[in-house]
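Copied over from TrEMBL:
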type	residues	note
ACT_SITE	Glu101	active site, proton acceptor
BINDING	Gly9, Ala10, Met11, Asn12, Ser13, Gly14, Lys15, Ser16, Asp100, Glu101, Ala102, Gln103	ATP binding site
BINDING	Cys158, Cys160, Cys198, Cys201	Zn(2+) binding site
Amino acid sequence: MAKLYFRYGAMNSGKSTALLQAAYNYEERGQHVLLAKPVIDTKDADSISSRLGMSRPVDFLIRPDDDVRALFAAQRARVRRDSAALIPDASVDVACLLIDEAQFLTREQVDDLLRIVVLDGVPVLAYGIRTDFQTQAFPGSRRLLELAHTLEELKTICRCGRKALFNARLVGGRFVFDGDQVAIDELSADRVTYESMCAECYLHESGGRLG
Ligand SMILES: [Zn+2]
């Protein structure tokens, strides 16, 4: 039975690397996968890049108003059509849908992921950050935590050696605890960085604030 997986972690926990590795594992067995991501991520707009240097283009981008199930159905039909033209007797299908930056999906789009899994019978692996720099769940992540059959945490380490839980934001090298959930201001983009932190270090830097 197909399942909806949410593989979540703090920033820099290797989510894109894990996604590309999962895609490779499917393809190594001769199976076909589809890769997608929301458009809100401005870096490498139409590809998935890991910090280790691997990168590959997505099959489709998801805009905030998009019907994800319809987009998926169109891509699935394309895969079947292309492979039928190549090998007429083979019944090739999509083995898995992989989604990067899933925290930026809307609640309705995550609902669609569950429909793709249950009604269309295709597993979905969604990778994303659980919470923003103010320790609040992103909308897509909150819905994935509610709906996913399987939750898997991808771990990374705080500067103190504990497991990182949160993502602290720095602007020009200084910690900030106020601002928009997504810092996409082009002018400040190169000045905004994040540090994955444990709860102890986060509370120390924030003076006890949690959002
Ligand atoms: Zn720490």
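Using the three backbone atoms N, Cα and C, a Cβ is placed for every residue, glycine included.
Source: prediction; values computed, not measured.
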Residues that sit under 8 angstroms from Cys201 (Zn(2+) binding site) by C-beta distance, when 6+ apart in the chain: Cys158, Arg159, Cys160, Arg162, Ala168
Distance [Cα-Cα, Å, rounded] between Asp100 (ATP binding site) and Cys198 (Zn(2+) binding site): 23
Met11 (ATP binding site): secondary structure state under DSSP, collapsed to three categories: coil
Additional residues around Zn(2+), ordered along the sequence, whose Cβ is within 8 Å of the centroid of Cys158, Cys160, Cys198, Cys201: Arg159, Gly161, Arg162, Ala164, Met197, Ala199, Glu200, Tyr202
Cβ-Cβ distance under 8 Å to Cys198 (Zn(2+) binding site), same chain, at least six residues away: Cys158, Cys160, Arg162, Lys163, Ala164, Leu165, Phe166
C-alpha spacing of Glu101 (active site, proton acceptor) relative to Gly9 (ATP binding site), in angstrom: 11
